[in-house]
Amino acid sequence: MTKEKVVLAYSGGLDTSIIIPWLKENYDLDVIAVCIDVGQDDDMEEVKKKAIKTGAVKVYVEDAKEEFVKDYVFKALKANALYEEKYMLGTSLARPLMAKKLVEIAHKEGAKYICHGCTGKGNDQVRFEVGIASFDPSIKIIAPWRIWDIKSREDAIDYAKEKGVEVPVTKKKIYSVDKNILHTSHEGGELEDPKNAHNKEMYSMVTPPEKAKDEPTYVDIYFNKGVPEKINGKEISPVELLNTLNKIGGENGVGVVDIVENRLVGMKSRGVYETPGGTILYEAHKDLESLTLDKLTLHCKQELAQKYGEIAYDGLWFTTLRESLDAFVDVTQENVTGTVKLKLYKGNIMNAGIDTKNALYDEGISSFGASELYSHKDAEGFIKLFSLPSKIKALKNK
């Protein structure tokens, strides 16, 4: 009799590695491991071998880097989306894409189940399951961390040893690490006590600023309607562009934040995020927008950037609201074209010049000299009208 199938979101890490024997033992399902490559820098052949060795009947490795950067990272970039003003959404943006790919493979394989290794306290369980439901609500979810008796990473390591599963962590130094082409996140371990400064030895993408290059690096980034297309005059693919900026930013100590964030599930958590290339792109994009967007549009867009960040963080990527915000953002980006030069030095990013034909800045108007469009005398009438509410309030308070 043919067994039913389960599609497992597989990384080769601790959680998903022990899930394979657990699924076979508790559900008697054929496990199809799926690794979505969004730039983790893992050896995918080794990941495949490990999945098979651990008990998977089949392994898919899907190269989704180009789609991830073009359709997720660059959309968030155009919106300047951040969560709680700091988090650049590295994990949040990857999960909807992974959910979409998992459903596609489940349909291809005729699998009724999808399994993920997200903990019952984290955001990713919501992101995966909302994403999956957006494409096929009939698929059944198996979430081991909400079911099994394993309560900690230490327990998980013990279970792995019991089942003969090799894992790349130890009980002495346990971090939860998520990596893709946009960022690397670090959680757990001593980070769980906010009194502790984080250990910079954990960095994998960024050189600590004090150890970074002693000479500044200059980089030119060309944007076409809000989308980065060239570095130092050379047009390159989105993946190559982000990889290049990751290297440049990392060498100059750029792009690390240590934050306490409000999780979707209601608790606070602390994370250290390395996002060198993304940090450079966001700074350059905002600099270009400061010249090319009018005040009303810029301020409205800044308000909506927070909402966009919340939508992405909460796993609501496949929603009408996100699509509607993208439509608004695309209109605002019509004139966001030009080259931004940045100076990078020991963790700092400084504007070193902007070249655009669409600048709304006019030196003749902004300077103290005479202008046909603006007379110094014009300010007097404007100030009288602008200050009228303040004058009325003062009179009423007498």
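Cβ atoms here come from the backbone N, Cα and C positions, even for glycine.
Keep in mind that what you see is a predicted model, and the values were worked out from it rather than measured.
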Exercise for the section: For the L-citrulline site, Swiss-Prot lists Y87, S92, N123, R127, S176, E261, Y273; sort out which one of S134, S185 goes with them. Expected result: S185
Exercise for the section: Going by Swiss-Prot, A9, Y10, S11, G12, G13, L14, D15, T16, S17 bind ATP; tell me which of G110, G117, G120, G122 is listed for that site too. Expected result: G117
Handout entry: Least Cβ-crowded entry, counting other Cβ within 10 Å, from the binding-site residues listed as S17, S92, N123, S176
Key = S176
Practice task
Excluding T119, N123, D124, please set out which residues of the same chain place their CB within 8 Å of the center of the CB atoms of the L-aspartate site, keeping sequence order.
Solution key: C118, K121, G122, Q125, V126, R127, R263, V265
Fill in the blank from the handout: One should report the C-alpha separation between S92 (L-citrulline binding site) and T119 (L-aspartate binding site), rounded to whole angstrom, as 15
Handout entry: Other C-beta atoms that fall within 10 angstroms of the C-beta of E261 (L-citrulline binding site)
Key = 17
Problem - Spatial neighbours of S11 (ATP binding site) that are distant in sequence (at least 6 apart) but have CB under 8 A - result: C35, Q40, D42, V47, G117
